[in-house]
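Quick look at what TrEMBL lists:
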{"type": "REGION", "residues": "1-24", "note": "region 'Disordered'"}
{"type": "TRANSMEM", "residues": "85-104", "note": "transmembrane segment"}
{"type": "DOMAIN", "residues": "120-592", "note": "domain 'Glycoside hydrolase family 9'"}
{"type": "ACT_SITE", "residues": "570", "note": "active site"}
{"type": "ACT_SITE", "residues": "579", "note": "active site"}
{"type": "REGION", "residues": "606-629", "note": "region 'Disordered'"}
{"type": "COMPBIAS", "residues": "615-629", "note": "compositional bias 'Pro residues'"}
């Protein structure tokens, strides 16, 4: 038996005949036929077989060499070649795109500078500083007026029911008197401007500052009556003051810095005064909306506003607060109080949402007594004394944006109509008011100190234009004539530009703004040097009568202004030209913020002022009683 080749063949060599016969041709002792082949032939066959074997090995190696190799990532299988190309592409992309981005991000940033503030913004920054200069009491270190210090720390020493006295608040003008009637009006106007233009104040970094100014005033107003009670029977109406022509040391006779006052400053108490109380209620209510992010303080303001407004509405206390008082009547005489009823009730409604206030504000008897619909030109002039145009505009806002309908619609429509006519009266072409040759509207019959009324009118016109823009109303009618809202903005800007220097005198009437402005402002603190010397009551007269410019610049103060011929006399002795006031600067600030466009924002905050008003419309009917079989 022969061993077989395990790879499938025999190791034996046989002839074809033997293979055909199928016999076993191998015998013991016999030569194999292969042995008969000559040696050369056998070597040739062996070499041929070897070459074929080597070729098969070489081909096998070459096939293995050319065979693609793969990488298995588990979730995908990728050839080596594709993987190399992918990684290479990523590297190139990183070098071309990613690396420059990383380098650019790491370099110092060079942002384009912001747009410079417009002139109204520049003037607004300064106008707000005037209130810092007018502060009475113990001043914070942040007050930023280097020539001012603590003053009036004994104010209210003659009353016993206010702990600590009446320390704080603001001096009214160039003297050292604290008149609470115009002070309250000032806080109302500042609060109104903040509620309408909060975003603008924030964008120019004056929001916190203006709120601080308002709070300085409202904190003081809360001291002037029993604001912690639900009812009060008196109001402290004034601290200091004087009599015309008197030679007794007082705020008029003496020329002293507030820090040096050494004369008696009596507190004036009033047991009636719906005008004073109504304005104080308006101020506290408006401020309560400004401070609604401080719930405790806001509620304190609301409570005080309700208490003092109840005093205003007391039927037994219906007499003007200034009537017959020689310390008040020559300076801040009130000619009526029904405008304060409308004004205070509107603000209390916005502050509380209590419908009794809006019912009062739209009661036909209120505008009837106030003669709101008589179309008397003087009644379209907003001032510390006349709130009618502001109150009607504030209530027109209610109609334009909330449209409450019955039962308020009839009166609100009347207020709206009168408001549009007020705007018409400001336009030169209707000749309701005279204008100077230089273009300044005369809202006080050519009398002195006109600028405070001009600033107020500019604010009302600008604000009404913003109301119409927010309501998508393109304009309004003056009789048959239709005017676009741009006409109101043009009026407002023309008047404010006059105040800021575009006038025949080429003078800015805002101290510290522009290159030419009043240097002899009628103001005790600004006119006397802060040299740590004490000047007596009459010892300060030399500074009053000096022809030299004031040693201290009372930045932002808007003075009384030019006469009806556009002429201005920069003299300290003539207060009609050169004395500033709280009420005047309040209107100035409101007008400036309404016109500033530095931030790109133009428009009002429609909703914040209405945040306390509940949803309008019919109440849901009560549920039916449970069914009983």
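Glycine too: its Cβ is placed from the backbone N, Cα and C atoms.
A TrEMBL annotation is a machine prediction, not a hand-curated record.
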Point to revise | Chain residues outside the region 'Disordered' (606-629) and at least six past its termini with a C-beta under 8 angstroms from it | key: 195-196, 198, 289, 292, 349-353, 397-398, 401-402, 404-405, 470
Practice item. May I ask for the distance between residue 579 (active site) and residue 570 (active site), taken between their Cα atoms and rounded to an integer number of Å? Key: 10
Study note, to complete from the structure: DSSP puts the residues of the region 'Disordered' (606-629) at 3 helix, 0 strand, 21 coil
